[in-house]
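*Asks:* Got a structure here, written out as structure tokens. Questions coming.
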């Protein structure tokens, strides 16, 4: 007994040390604690919690540790305890809750009870702790306020506590919550019951019937939101934000009241900023999650806009602002930043059709206000709504731009800054139309603003706006301004370099260096004349700017040098390439000493990749130096944590952590530092593999080992995309090592790629993975997939197609929704486009499999056949029919003559769809009929005969050559050629040929153009009388066809077809008179094209 007491005493000391501010003591205590067996931990912790004479901090610490133990290691610890110990723990916890007098301690024990209850619901939903439920019911109707609080706290923490009995107890739960929400005497009970109600609704987010059943709790809930805010407690308001985010439909019956309350709280300046911003967050969140529902309440939206603008006016006067050299991060808690962000999101959520007419007048009034804060807010508001109101603002952009440019001359520097901001934002939001319309005014105004020497913040922001402008500016528009731009940028750079040396200021210089880089990037080879003006100074900065506070400047200068090098090309850059490489190598050697957050790292990594593009194969020599740090950065592992709500309260986003709510009181946290750098590094590895090919072979093994696991790196989309992109490129690099090495590498990636197609949650990333997988199969060819691969892939593709049809049905349901409007239709169209894009990737994968495996793969394909047949049904949307036909085109092209087995499914639709209203469907059908003639066996002959008049009808229709129809028409012309070439006995070739010649050349569809030119060569080389005409009278027409093909770049000079065409021309050249006659009938452009063909083929 004494030994146990001594051990418990030791444990109290340990708890004290776990709370120690001394890092060494605390670390040692954590190690000791970790080594105590789980069952002993439970005993010690419970004993500490029970002991009311122990220090308060130690008891609270014990409660937190016990909850964490049950949360993270329940299965290892609890089931192994003897059943009497389990029973004792359960009754002990309920006893402590009833006896505990300290409110905060009671809460912590309730958290333990909730955690235990969560783990005691079995797989069938049975609650294995009936005494816990009984305690809940007894306590909630107790006279003791502490016990009522405890019951609500447990229910809030674990709303699923009723398990499979929830439906049975639904009315009881509702009564319990209503009763507590009406408790006028105890605000804490009202607050807790409101939070518990929200938690319960959120836990049942897909149960629409339950929303209706609980709708009458909403008025009481909203009252609790209001009351708690005025008691300086925003927890219920946060619950309302969560409901707006996750289950906005629950709010529908009382949406007006919800919005009115949020509006009132947002506008009440007696509340603190955080509460007002949270109230605004309710409305803004609804504009994102229930836009159609909110659009019906235009009165609220109209009242919310002035509130956001009023917040944006809430700015501090700051004497040092204009010449601060360090850019402090925006104060994200400030009303001004919150208002601007809310406005941006609301404009995107609700759309410009609603928002712009409401806000336009407000902004115009603000811009005329004598107080600078209003003018600043008005301009920032214009910047914020550009993305959401894009379509509506485009129509009045001229007056907006003219007005904004006036404010670049405003007497107040912060207004001039905001005007730069608006110009920069519009240059991005409305590119390239903005640049095309306003280049003259904008460039002149920004260059003038950059001369504002007394206000470097304004100067720097004008340079930043210029960067935005030039990044998206068409090269041809920028060229006329180059002299003037360069002159200004150079003089400012020289001046700011002096200031850096004299005063140490660098803010403007950082931006100007990037402006130079951006101009060079757009101007490309036209920047050559200015190269020598900038390069010496830029090299000087990299050599000398070695102090810690100049790291960003140095990084940006490295970027600038590499972008200029890429712009001017290898020949001009070579004079400095060796110097620059030495500078970079020196930086690289110091790389290992750099701190992880050093801004130079990502600039360095990107610069190396640009140097690789400039130097090509010569870059290979630098790989040993570059690859170490690059792999180190690409291998960064982010800090992650699984936290429950209690732990969350001690964390904040300011520490660089971001959280995702997983429901059930759990959150997933990730420290985001280093993620962008990791993504950049992975993209650079892709760049090296692409540029260096076999020169990168030495590194393929380590890179593939890094990249394959990154297909599951769900913290950053860019990393997964780079991982996927790298796979086929790495296989190409590895080819030189021979088939065995290549196959080993493919085996290492294949499983992971197939699994990633099945599990990838983001459609943009998924399409990249599918595309890469298809490319890999093309590289590896026949035999690269085993039976297990085929089985898994078949299941995944089947699931993707089924999901495609299911999503279409869901969209039809949404079109019947009471809130359906034209903006909803726009977002449904976007979803549809996403789905179709995935369908194109399914087609890509099947194409690569058919082209590699031929007819051997048809038995496997049969599991997908009903779904592909469904795609080409007449009632399906045109993209479905287009891609369904493309898949059958591949079956015919690669699996004939065996493909005829499936002809009953696709032949009739294919013949029918040649005349479809949609050009994309016509094109896919026509291509199919062409490959049917080319590759199909004799069984297809009668269908070639049937196809011909249908194809001719499309070609001869009046609008067959318009932009949207031309590709389909050219496929029809090519198909007619293939029928004549490969199935000549199915049609009257003599009759069709003159028509076919009159339709040539093809110039849009380059692949089909080559096919038709090859057939034309066959006919000419065999001296076909109809083609050449009596006494070669058709030759001038043939020359004209060849010349047009050359002019439209339909003839690739490296293609054997080009040599055949050139030989036709040369033969005519030898018979003088005929040559003169042919050439005489060509225009000067056509003559030049014939000469170009002769020179190059």
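From the backbone N, Cα and C atoms, a Cβ is placed for every residue, glycine too.
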*Asks:* Out of 104, 763, 827, which residue gets the phosphoserine annotation in Swiss-Prot?
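*Replies:* Per Swiss-Prot, the residue annotated as phosphoserine is 827.
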*Asks:* Among 172-222, 223-273, 274-324, 325-375, find the range that Swiss-Prot records as region 'Ran-GTP binding'.
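*Replies:* Going through 172-222, 223-273, 274-324, 325-375 one by one, Swiss-Prot flags 325-375 as region 'Ran-GTP binding'.
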*Asks:* The repeat 'HEAT 20' (903-935): mean pLDDT?
*Replies:* 97
*Asks:* Write out the long-range same-chain contacts of residue 827 (phosphoserine), meaning residues 6 or more apart in sequence whose Cβ is under 8 Å from its Cβ.
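*Replies:* Those within reach of residue 827 (phosphoserine), by Cβ under 8 Å and sequence separation of 6 or more, number none.
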*Asks:* With a Cβ cut-off under 8 Å, give me the same-chain residues at least six positions beyond the ends of the repeat 'HEAT 2' (43-77) that come close to it.
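*Replies:* Residues 7-8, 11-12, 15-16, 18-19, 33, 36, 89, 92, 96, 102, 104-105, 108-109, 111-112, 115-116, 119, 642, 644, 646-647.
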